[in-house]
Amino acid sequence: MSSPTNRWAARNAALTIQPPQGRRPSGISTSPTFVGRTGPPPSNRPQNPTMARPQHGRTPSTSAMPQLPKTPTARNTRRPSATAAPHAGAAVGYGSTSPTTTTQPAGSDGVTSAGVGAVGGTSSAVQNGVGSESTPLIPRAPRLHTLDGLNKPATTWTEFGVLCRSSVPLSAGLALENALSTINILVVTTLGAEALAVTGNSSLLIMVTGFPLPLALAAAFTTLAAPLYPQPEHRSHIGHILLRTLMLSMVLALSVGIFWWNIGPILRALGQPHDLVEGMVVYMRWAILVLPALGLVETMKSFMQVQNMMAAPPLILLCLLPVHTAIAIYLVHHTSMGAAGAAVATATTLWLDGILIVLFASRTRARECWDGFTSAALRDWGPVLWLAVPGALMFGSELWAFEVIALLAGRLGHVAVAAQAVISTLDNLVAMIPYAISIGIANRVGNLLGFGLRAIKRAKRSVRAGFLLEVLVSGTTGLLVLIFRHQIANFFTSDKKVADEAARAAVFVASYQIFDGLQNVGAACLRAFGRQNVGSIIHFIGYYVVGLPIGAWLGITKGWGLAGLWAGAAIALACTSSAELGVAFSINWEEEVLKVQMREIESDEEEEESEDDA
């Protein structure tokens, strides 16, 4: 049996190959094989040699340890040193007396299907409390679920398959969300034209003023949480970010709700008819219940998506569709609420949806990322706000631009207004799949950034695969719209003039499908990299400086009609897609990995401060 001195030498050798995970390091290594923390442990606190509690990964002094440490407890193994392996590009071999580097048998990029290096079960020697030269110095972590496709080579086609598998449930979820609005319209239609106008205009106002904030907060959550998921020692931070996002969502819902409660004077100032204003005021006040529910649903969907659990939210919503239909019919037709009953039905369905997603997450592996209600969740609000505010402008500027087109169509007469309704419906339908693919790209790239430099090749292949998938889907959609534009217009309306006007505008809708797909790729990359501020600037310039003015000039001044307005939208999308792809393809990937790791360091510091305060 080896002497205690030899055992300590082996232990210290194992510890020295791991980056200390304490407070802010004195330097950051940016070598091709490792991006991590370097430098000695911080000296701003006295190092008490008698303290039994390890300082979360800080390398202790050998002179301060007169005996072998006990088997680490669950508290002290929350950040096992082995998880530095993804950044180093290799796993540490724990089955021998000295640290070894093992070759990864999985993907060609060295990222294993185990997620963060070679993992397995705890040896019997450790379980029995008996140490030997063959005893692992740190018990092996249990096998953890990780990302799709990591056991395959890092090729474009591998990533293409991953994105195809993720885009199917994401597209289904978006379709089911649109189905809620469709059901509301169908239920209210039997009440007459006035109730239908109240529902349609209120739904439009809800989308324009209420949707950007929850979508932006969900995107901010994805940016911050997706890189943390591949690292088990940081998964608890995902729960902290979730709590911050949910609390911000509730606060913002309150502020928007105050605006909706007092919407009446604004609508009257805009010259809306008295009966329409009265109906919309009632509808919008009931719709205040929708806002916090929408924030809960969107954030919990992102919580599931960063863990590659894409299918559960759409399945839950599918089960709730009959419930929503029954509630809407009862409230609209069997109570005095009238059209406002559709708003209450939507709020009820969304609350049920959010609660069921929470319950599902609490009973599945998603609970790995939940650390409970801790004081750490009440700190460090800056990153979420820094991403959410420009993200809201990024989402909102695009939504508002298409509503400006609808307002401009009102100056072209009743035929153009009716045709605009047809084209807007068509555009919403064809935009679902490209946007779903962009959600998958943002989550995939964000997850891969969490593996460090060794996953950069796979992340680049994922962006390339997303590019090909978007071009394939958008090109096919655009071709179908172009070929069947007259049949599509006649399906929505029996008025020949309206159908002809819609068919002319559909040519430009078909033409910008490729640009829309490419813009979704660029926007997904910007969200994954946390560049929402760049995206908001690009969207503002593309739509409001270039696209909409040209569209108004073509449609109103040059007499192109509704087709001219949508030609401006096509030009705007061409500009935004080119600019966003240019930014995405010029990204320094090594720098983005470094930013992710700096956020991890700050998260570690934040948790240490919370534990110290406790």
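Any Cβ shown, glycine's included, is placed from N, Cα and C.
Those TrEMBL annotations? Automatic predictions, nothing curated.
In TrEMBL this protein carries:
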- 82-91: compositional bias 'Low complexity' (COMPBIAS)
- 95-105: compositional bias 'Polar residues' (COMPBIAS)
- 106-119: compositional bias 'Low complexity' (COMPBIAS)
- 1-119: region 'Disordered' (REGION)
- 204-229: transmembrane segment (TRANSMEM)
- 241-263: transmembrane segment (TRANSMEM)
- 283-303: transmembrane segment (TRANSMEM)
- 315-333: transmembrane segment (TRANSMEM)
- 339-362: transmembrane segment (TRANSMEM)
- 383-409: transmembrane segment (TRANSMEM)
- 429-453: transmembrane segment (TRANSMEM)
- 465-484: transmembrane segment (TRANSMEM)
- 537-556: transmembrane segment (TRANSMEM)
- 563-587: transmembrane segment (TRANSMEM)
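Contact between the transmembrane segment (383-409) and the transmembrane segment (537-556) is present: at least three CB pairs lie under 8 Å, with pairs separated by 6 or more positions in sequence. Within its own chain, the transmembrane segment (339-362) is flanked in space by residues 180, 184, 187-188, 191, 195-196, 198-199, 202, 279, 282-284, 286-287, 289-290, 293-294, 296-297, 300-301, 303-304, 312-313, 316-317, 320, 323-324, 327-328, 330-332, 370, which lie at least six positions past its ends and keep a Cβ under 8 Å from the stretch. The list of residues near the transmembrane segment (315-333) in space but at least 6 beyond its ends in sequence, with Cβ under 8 angstroms from a Cβ of it, reads 172-173, 176-177, 179-180, 183-184, 187-188, 190-191, 339, 341-342, 344-346, 348-349, 352-353, 356-357, 360. Beyond its flanks by at least six residues, the transmembrane segment (241-263) meets 205, 209-210, 213-214, 217-218, 220-221, 224-225, 228, 280-281, 284-285, 287-288, 291-292, 294-296, 298-299, 303, 369-370, 373, 377-378, 380-381, 384-385, 388 of its own chain at Cβ-Cβ distances under 8 Å.
Same-chain neighbours of the transmembrane segment (283-303): 173, 198-199, 202, 205-206, 210-211, 213-215, 217-219, 221-222, 225, 238, 242, 245-246, 249-250, 252-253, 256-257, 260-261, 263, 313, 337, 339-340, 342-344, 346-347, 350-351, 353-355, 357-358, 361, 366, 369, counting only residues six or more beyond its ends whose CB sits under 8 Å from a CB of the stretch. Long-range contacts of the transmembrane segment (537-556) within its own chain (CB-CB distance under 8 A, at least 6 residues past either end) are made by residues 393-394, 397-398, 401, 404-405, 408, 411-412, 562-573, 575-576, 579-580, 583.
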